[in-house]
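Per TrEMBL, the features are as follows:
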- A:57-237: domain 'ABC transmembrane type-1' (DOMAIN)
- A:12-31: transmembrane segment (TRANSMEM)
- A:61-83: transmembrane segment (TRANSMEM)
- A:95-116: transmembrane segment (TRANSMEM)
- A:122-144: transmembrane segment (TRANSMEM)
- A:175-198: transmembrane segment (TRANSMEM)
- A:218-240: transmembrane segment (TRANSMEM)
């Protein structure tokens, strides 16, 4: 127990230390806030301009979550298809790899062309950013399902759907959650890219405008918000993951609670 | 692959398992490996048949054919008078490894067949907390796992997992029980204890049992009939009944008749291996 507390204290201290070091170095070398604002300046900006930043943060969060949601739904369906059918695997995998190699910035103008500037292209960009890791992981998880476990179901004359539901999907959950943590952060990247290019709302747009007027502390305030949202989402999924897939790491808390 | 022929002769339901000129080969024409040469085997309802032989002799192949997880290259497999896949028999199977689902606790693992197999699955969600729970608990108690229902597989030793896996194979009152060396990885005392449990169960409910093992003592103790198999190509070379009265105790295994039987089986296998070595 004390070992755990010590580790937590140490890690927290190191993270705080990083920002303190940043602050001190800026002060020591007299770095202008137009080049690199100090953390304290960023915090002050966040505090004083909160009413102006807040709606943008909400917009970005909302857009990301919707895009992420669609991404999860489509990602799971595609992953299940690819993981359970050889033909789908052969067809979809090269296409997916090719598609994910396209820089998403290049896709945003196309979305804008189709749907106009604003929320829709941002949602779509967030979605396509996060689909790839989810598809790959779900498909891998299904493919990695032990044939012995499937045989258990087959001797019981289980249908394909029952096998998928009782063995395939639970077996895939650790892979799925690992991909969610990556996908959640990618979804933010997607949203912000789209907002930067074609939107009048959202953190991406806020940072665009701020940097064009050399309001660097506000740009950094936007970055801080994005980082905080990303960390928040990551934590949420880690908690869900621990509850759902504790069996994979054989955690005692899972055994006691689950 | 050729389509299965329509069956003119109706099968007697008593022949709970019938392999009719079954062949299994793996791989394609050039480097095909014959896992099972043309084999016919009839097992009557309520029999306890053991398949023994060296590894690679096709005993697991026969089990997979009957379980329906493997298709015959040639010939027909009937279970309860129907061609395999029709799903007539209620099958319970225990494997060499416990193969418990790691995300379910022991209780839910044992309950799995009740969720899948009719008629149990019909009112599963209503009964899982009451009737089925008691059923599972009773079954776990029978193998000495009472009170372990909330544990997860990884929290149990290999022997305990194997016991749970036996419970899972039996929970839905199978009419056909397939055992693929389920006692192989256990220590001797646990093994003998589970033999006894198995025998009592068979006497009580009289399912048809097909046991794959390479332990001759196990085969002679449990089975009412022993088929000796030989490798390359896999085939049945000996088929004999076991005369000892039930219930058998471990002491029976030290009696002269028992020893003679296992000796004879052993010599049969050794002789087959010697021939095989000369050939290859």
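Indices start at 1 and increase along the chain as displayed.
Using the three backbone atoms N, Cα and C, a Cβ is placed for every residue, glycine included.
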Fill in: Positions whose Cβ lies under 8 angstroms from the transmembrane segment (A:95-116), at least six residues beyond its ends
78, 124-125, 128-129, 132, 135-136, 189-190, 193-194, 197-198
Worksheet item: Which of A:12-31, A:61-83, A:175-198 shares the most C-beta pairs under 8 angstroms with the transmembrane segment (A:218-240)?
Response: A:175-198
Worksheet, complete the sentence: The answer for the transmembrane segment (A:175-198), taking Cβ pairs under 8 Å and residues 6+ beyond its ends, is 60, 63-64, 67-68, 71-72, 75-76, 104-105, 108-109, 111-112, 117-118, 121-131, 133-134, 136-138, 140-141, 144, 204-205, 207-208, 226, 229-230, 233-234, 237-238, 240-241, 244-245
Discussion item. Are there residues at least six beyond either end of the transmembrane segment (A:12-31) with Cβ under 8 Å to its Cβ atoms? List them, or say none.
Written reply: 37-40
